[in-house]
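Report on the structure given below.
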């Protein structure tokens, strides 16, 4: 049993293949492959629940042992979001032969197993998206029809995208009946590339090109070739572009008139002797040459020098000259001597003697030559030694010796040190033939006069090196610093760029890359794009980050609202053409091709009407009518069949089924039953209707005159009739359904009344009938309407309405067209505001807004976004930066200004830890370790640590807080900076308004190991009467009291003491100055009186006062805590008091410390704060009120001193407070009245 693979392809593929018969290459070519990997059908069942083969075992309720004959069938079509199993397989379909039984598997790499693979070729641009329907079927060979069918075991539907690739994509389907695994891939055929397999590239090396193809299908020229088609040869390197060419790479073929290896030499005129050329066939003469061929010598005197014996030569013409001879000579060339010595030719005292050849010179000593004009060289051979230079003299020589030698021939050693040649040296040593200088450091050279160049490679980054003696100095280029100019000065360190600008450090400067909407050197200018008023027709303008936006009125559109909205009045709206649908194609520019929608069926041609309603009409073929050309015209309506014939309607034709005995197109001809001459023994045949009659002679009887005995024989009665001999004739008794003299006429009772419905034709067949149904009907009596909706023809969830041989698709919302394949483009009306992108969706649209816009149609403007370090934050965004909180408001970034301190790190071997770039992990100092050990703890610091303020004088800008911790509940390794970091990260600390710059710094108490002093400093006062220091301290107390902070460190706080200045009432009226003046006057009078009394008292008791109070009252550290009051949190009263100095007598309200200071002991109570009352109720609801006492005068109930609490200030603070005591009395009193110290016991 072999099942042959089959495949069907879309009409598009066939069309492209026909085109390929005459085109050089197809526009696209590839194939889709599917390979089955495994199948598991444990129960051997079908999707319907029935067994594949045989009945179910009633005992075990399982299928029989006979397994399924499993094969697979695929259908590949265009991408569908809602897959319809009906409709054509537009990309192709195919099936495998029977692969196996219920369960089987194949190796994925078995590429030779064609039995499990289905290959669907395509010749259109692969669209990447697809829908694949995979069916596992049980083979069923219908022997009666010869067709190959199958019953569905399991069906998988896969929609997605796949690009051409050699790699397989493995998919798995887990169905309720069976599970199977398969793999798919799309591969381009040879020479085709790209995502659509529509880029053709075939390597070639011929006249039309010389190239190979890379993996993307791009042409890669072979070596020596260039050009888009790689058919331009690359000539020999250096070959003249103007005068050379080549057809073979590496050659250089010269044009006519040019020569040379590179075709850069012109060919001169033939015969040109002393000339050159610039263009071919020229003859440009060399100097002193002339003539057409440059063969005429214009300087014979210079070339030949023909004049002898001192004659003077003159050029007189081309190739002509004249010699002017000296006295005593003649001839053309002065070659004849007449009186040679007459001209005194012998020089330098030489004696002239005439001879037959002219004259001879007898030269003086030291001279030689024909005329004694050559000085004899007395320096040859060189008589000077030790590289001395010989100077030739007349009849002698002179040696110029090197400095270390002397003498006539430089043989005597000279003492060079006598001339002090060494410039920068310790000493000079004379040597044979020279000397040696022992140079000072930094000098070199034979005479130590050359400064050693210490600048070699020292100054970096373009720095100018100034060479010094035994050293150097670098003059750095702008933007660099350091001894060697090795450090780039970072001009961006000060963060000069505003409004989110990104700073780029440059040489000796910086450059700000401004975010959209800002400009200027530091991005300080906010660009207002609406300043020029670009919006028209009353539109509102909004300035955005990098552009402007015009909010148009209802009837206008465009960037500037300058265009009237179309409303389909100017350009036509989207026309829904019911006659066509678009399919993927590579043969059209848009990638789509229109094909018929088949709305008029197979018997009509669609004609679309040009309006937006999608109306159409069908032009029907001959023989059909109806709206969709679905009705076959009844050609039997005129009853063309005669003689009782039955008319069968056909397409634009009819067929007559004649009654027995008749024939012809319309049954108009009686069949001649005598044509076979049935009568025997000379009987005469008479033709009847569907019968004959024989007139017998000579006593013959029977139907055919063949019997002597009876009128009946075996052929007398037809169709089972019984013959009865009645003497001279016979009679036939016919069987049911037949009549006539010889039972040859069939009764028409089977079709009476007509059993066939819906216009069908009834045809009598023996004793039965057959109904010939009209198109669109089926069944024995044509009573069943054919389901024209199967397979489902409507796309996109359209509803199919079945008619009589027609159907109609009622489309879901958002779709149109005859088969609901057209998605109505809601973006056609441009609903989105200008600058936004409209995305068409099913029955709707979606607007993609540009930055700065929002709303369903992007018509609303949001605040300007902020740009932070290349990141964009939307308007209203909030984020954390270390311990600070930042906000984006209309393009401006505002952050709280809390000093965050150094980052914690773990000490590693490299010393870098996890610190930012430019910082090192520095070990925590021992005095900074709060809960030991802290050996592994570190802090990230740069080379230059900023100064941290760890204490302050309490005022409106600063408060001092002392925290006492229960260290038993704290983990090990807690540092002082970690405690400070926890306080900075409290919500109440880091969310203070950005109008204040806040610093929270900490240090370990020197008096108690479980206390930490915290200084909270604010750079400026709050606005509208707010005091940020009081707000922060109150919030911290409230948070600590409720244990709201999720921190073990904050939860370990046992006591809080606050020292801060009481805020002044901002609403002081005009009476305040008056009251102050009155009080000041009274105070001055009292002070004067007290001062006079103190002078007299001091004179009397100076000796006793010295014994009682030998030291200054301001030298004791206790005075620094004189204003500290310890309070229980159940009764928080902020008081101010002044204590008497040590040595004062009890009970004295006023006493004199010195002549300049008077201390008044005053008790003042301030109202309880809200935080104090809340803390009292939550922590100590039943604690009695605590007694208020002076810090240094507290007594127990039995009169003994209460142990003093360790003071919070260190020695430096004591010195500061001591110096603060020595201020004028008025200033001292004001500060004492405004200072409040509170202690909170937690």
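Cβ atoms here come from the backbone N, Cα and C positions, even for glycine.
Taken from Swiss-Prot, the feature compositional bias 'Basic and acidic residues' covers 1210-1232. Annotation source Swiss-Prot lists disulfide bond at 301-313, 341-352, 346-361, 363-372, 417-428, 459-474, 492-503, 658-667, 674-685, 756-771, 789-800, 811-820 (among others). Marked as domain 'EGF-like 1' by Swiss-Prot: 231-264. The domain 'EGF-like 5' feature in Swiss-Prot is assigned to 375-411. Positions annotated as domain 'EGF-like 6' by Swiss-Prot, on the basis of sequence analysis: 413-449. Per Swiss-Prot, domain 'EGF-like 8' is recorded for 488-524, and the stated evidence type is sequence analysis. Marked as signal peptide by Swiss-Prot on the basis of sequence analysis: 1-28. According to Swiss-Prot, the feature transmembrane segment maps to 1071-1095.
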Distance [Cα-Cα, Å, rounded] between residue 658 (disulfide bond) and residue 352 (disulfide bond): 161
Residue 474 (disulfide bond) CB neighbourhood, other CB atoms within 10 A: 21
Spatial neighbour of residue 820 (disulfide bond) that is closest, considering only the disulfide-bonded residues 372, 685, 756, 771, 789 and their CA atoms: 789
Euclidean distance between Cα atoms of residue 417 (disulfide bond) and residue 474 (disulfide bond), Å: 37
Positions on the same chain near the domain 'EGF-like 5' (375-411), where near means CB under 8 A and six or more residues out: 365-368, 419, 421, 431, 433-435
Whole-number Å value for how far residue 459 (disulfide bond) lies from residue 492 (disulfide bond) (Cα to Cα): 24
Residue 363 (disulfide bond) and residue 811 (disulfide bond), Cα-Cα, nearest whole angstrom: 133
Rounded distance in angstrom between the Cα atoms of residue 459 (disulfide bond) and residue 372 (disulfide bond): 66
Length of the line joining the Cα atoms of residue 800 (disulfide bond) and residue 771 (disulfide bond), in Å: 28
C-alpha spacing of residue 341 (disulfide bond) relative to residue 313 (disulfide bond), in angstrom: 21
Rounded to the nearest Å - Cα separation of residue 372 (disulfide bond) and residue 771 (disulfide bond): 151
Secondary structure at residue 789 (disulfide bond), reduced by DSSP to three states: coil
Disulfide-bonded residues near residue 361 (disulfide bond), in sequence order, restricted to 352, 428, 667, 756, 771, 789 and a 10 Å Cα cut-off: 352
For residue 417 (disulfide bond), the three-state class that DSSP assigns: helix
Residue 820 (disulfide bond), number of other Cβ atoms within 10 Å: 21
Alpha-carbon spacing, residue 341 (disulfide bond) to residue 363 (disulfide bond), which is rounded to whole Å: 14
Conformational class of residue 341 (disulfide bond) under the three-state DSSP mapping: helix
Cα distance (Å, whole number) from residue 428 (disulfide bond) to residue 503 (disulfide bond): 62
Neighbours of residue 346 (disulfide bond) among the disulfide-bonded residues 301, 352, 756 (Cα to Cα, within 10 Å): 352
Cβ neighbour count (within 10 Å, all chains shown) around residue 658 (disulfide bond): 21
Site of maximum Cβ density within 10 Å, from disulfide-bonded residues 301, 428, 459, 800: 459
